Each structure stands twice: as C-alpha cells, then as structure tokens.
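Per TrEMBL, the feature Mg(2+) binding site maps to T23, T161. TrEMBL lists D192, V193, G194, G195, Q196 with the feature GTP binding site.
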Amino acid sequence: MGICATKNYYRIVLLGNVGSGKTTFCKQIVDAYLGGFSKSMKLEFRKHIQANILHRMVAMVGFEEMEDTLISDAEFEKNFRILQEATVADFEYTDEENFTYVQEVLDAAIFVGQHDTVQNICNALFLSAPWDFTYFRDIRRIFQKHYEPSREDIFTCRKPTTGSCEYIIRHLHVSRQGGKMIRKEVIIEVIDVGGQKSERKSWEKQIELADAILYLVSMTDYAGKEGGVQDYYSYLSDNNKCNLKYTQELFKENFLVPKTRYVPIILLETKVDLFKKMIEENSPAMRDCFPEYKGPEGDFESASAFLSAQIKKKIMDQVKRKRQHILATKLDRMPILRQNLTSMGNFVMTFNQIWDKVIYALNDVKQIELIGERGQNSKSSVHEHLMLKKKALRNHRASVSDPTVGPGTPKRKMNFRRSITILTGATFRGSGTASVEELISGNNSLSIPMAKRNSVQGIVRSRSYHWN
C-alpha cells in the first residue's frame, strides 16, 4: 500500500484503456475543486475541439455518399480540399494569436459540416464516436472566430494524455455512522496516466506509491471489434484494440501484478448513458457481441450485470485454478461503480460516493492482508512442526540401531509401529499403522511391496527374544 494513507493524505491512481474516461474524470475535478477552467485552458480546448471535428470530416472521404457529393458539387469539393490541407499542414492554417484556424478554414468547415451528406454520415456513425459527432450539431457555433468552449464542450473533448498529470484537492467527506453525519476533510492526490501502450511503462512506478487504484472501463467497449479503428486516437493503443476482450486482458494484467496484491482497486464503469442507449436500441445487441449472454435483449440492468461479470471472469478463472484465495477474495469484494463522467450534475456529490467506496476498499484490503498474514504464519507453523517430526524420527532410528551381535546377546524386537507413531503423531495414527509381524507376513492393511518390507530399517526376522 502507498506511503500516505496513514497521514490523512491519499494518493489515488487512475488506470484504464484508451478512451475509458480518465482525463474526463480529471476535468470534473478541475471544474469542481480547482476553480474551473481558465481562459488559457479554454483557448487550448478551442483549437483541440476544432481539430477533432476536422479529422472526422476528412475521414469521411471513403464513404460512397461523400464521393458522389465531391464529384457532383464543385463548391463542396473546393471547401473539402481546404480542410484536407489544414489537417495535414496544421501550422500553415493556424491563427496563433487566437488559438484557432484562419478564417478560410473556419468558413470551409461550416460549409462542409452543415451539408446534408456530412450530417447523414454523422447520424449513421454517431454511436461509434459520440464524443466527436456531438459537435456536428453545433458546427456554426464552434467554428466562429471567437468561439469559447462551454463546460459540456470541454468534458466531451477527447485529448490523449502523455506522461502523468497530478491534481491535489481537499475533499470534505460526508458519511453516516450510527445515525450520525460524520464530516472529515481529506487531502487527495489524483494521478492521471496515459492509457496508450507506450505510456503503460510508467504504470508500475505509479502503482508502487498508490494508496488505491481507480480502474476505469468504458462500457461501450462491448461493441468494439478487434482491430477496428473507432477513432483516430486508436492508433495509440495496442493494435487498435478498443474492445471488451482487450479491456479484460488489460485489467487482468494489472490486477495480478504482485505490487497490487494489497492495493485496493475500485472498478468504475463509464459512459453509462451511451451504453444504455446502445443496449435499448440494440445497436449492436449484446447477444450479437456475446452469444453466451442469456438476459433479455434491450434490458439495461441485465446487460450491465453481464458486462461487469465478463470483466472479472478471466481473473476469477485464473485465481481459482491456481487456488489464489486472497486474490479471489479481493476480486469478489471489489467495489463496482457506474458513472457518466460528462454529466453536468454536482460532481462533488458524485465524488463523495466514489470516496465512500475507496474508504470501504481501503479497510477491506487490510482485513484481506491480515488473512494472508495468518495464512503465512499457519504455513510456517506447519513447516516447523514437520521439521521437528523428521528430526525426532532420525533420532529415534539412531537410538534403536542394532548393537553388535555376539554369542549369548539377546536381540531386541524393533517395533516399527513406534517409528510411525513419532512421524505421524498419536492422534493422527489410523488403520494404516502396522506392526513388524504384519509388515513381514503381509497380513496388514498397507499395500507395501515385498522388497520394501524386507528393507524396512529396524526389522529383525525373529521372535521377541531368542539366543544365538
């Protein structure tokens, strides 16, 4: 566990695949706890939002409707070529003073973006990347020279994270204990790290100092196809894998890292509103993506429960197969939350609910750690007990070794039952214990080959006493 939790200072790391909502979570923190977005931040988002829209427009060139329009409409074709050049040579078409494009590009974007062909393609592709296609409804507003992004525009904007970003906030945690409202101020450091494959090298270092991990999963990943590019940031991911199968593998990889064994993990499922719309419209249906789904089609609750189970399934199968009981307990108790991070509601209340789960997970993992320590102590005790038994057996065998046999020396009967008793303990001795006569004669319940019977140490083929 991290180094800060005992000092009322918590370090929370956000992990997850590309597009899971880590940066959006941090935008909500900036808006709710850190005074909102400054003018310089809004100017930066302005250019980024406009660039995202232009990339979407240019990517439509492969559609048949777009090709037909480019051929039949010369004015449309002229403006579209301007946009293509602006996306390739961005610096040549940028108004650096106003953090936007030059007026020629702004006018071309409005003309192309409002065209019926582009709007029809947007409607058809909306659920594949709603974070970008939403902007096409406000093309004229967004491509004004002095456009200022709204809070909703900023929350929706996609921007990949490189390196790590740290946000330190003070949160007044409100909880109810025994019918009383308990208020406690905590200082929380939230770490946002990039989800791209090239950025995951830094994850392990962040995990080492983490008090808890908030792992984000996009619920819309269920509809992703392996190798299918859903947006132009997908190339930053691993082989364009923006789908649930890859999400499962990535979560499993991080859950089973030894350094996260006693670090609490809270699973936060995001994009709930989009997932609900996709399920209710069967676009696509859950059963089309997962034939094993047995719930009713179009039912949000059944689909959500199935999705949560699928995310945990691969890990649970492995930990049960390897009998890793501590990890199985941790996975079974792992808190799961669902949240729409682009919501305009009160994020402080939302964060308070998330923090409730973080506190629960922190306390729960301490209990799991105690169980693990007791298990280790128990294993050590058993090991020491066996070592003592082996030592006692060696000493006993040495004490009953035959003296030099001479004339007139009585031989002592060597009782093999006693050796077995020392090895197993009187309370554990059962019907499998045999005397020396039984071992020699074969009249016993033990299945011992004759060669082993004749070579048992301490056995003398004689009666109790005889004289040489």
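One is the number of the first residue shown, and numbering goes on along the chain from there.
Cβ coordinates come from backbone N, Cα and C, glycine included.
According to DSSP, T161 (Mg(2+) binding site) is assigned to coil rather than to any helix or strand. The residues near the GTP site, meaning same-chain residues not in D192, V193, G194, G195, Q196 whose C-beta sits within 8 angstroms of the mean position of the site's C-beta atoms, are V18, K22, P160, T161, T162, S164, E199, R200, in sequence order. Rounded to the nearest whole angstrom, the C-alpha distance between D192 (GTP binding site) and T23 (Mg(2+) binding site) is 7. Mapped onto three states, the DSSP output places D192 (GTP binding site) in strand. In sequence order, P160, T161, T162, G163, S164, R200, S202 make up the list of same-chain residues 6 or more apart from G194 (GTP binding site) whose Cβ falls under 8 Å from its Cβ. Rounded to a whole number, the distance between the Cα atoms of T23 (Mg(2+) binding site) and V193 (GTP binding site) is 9 Å.
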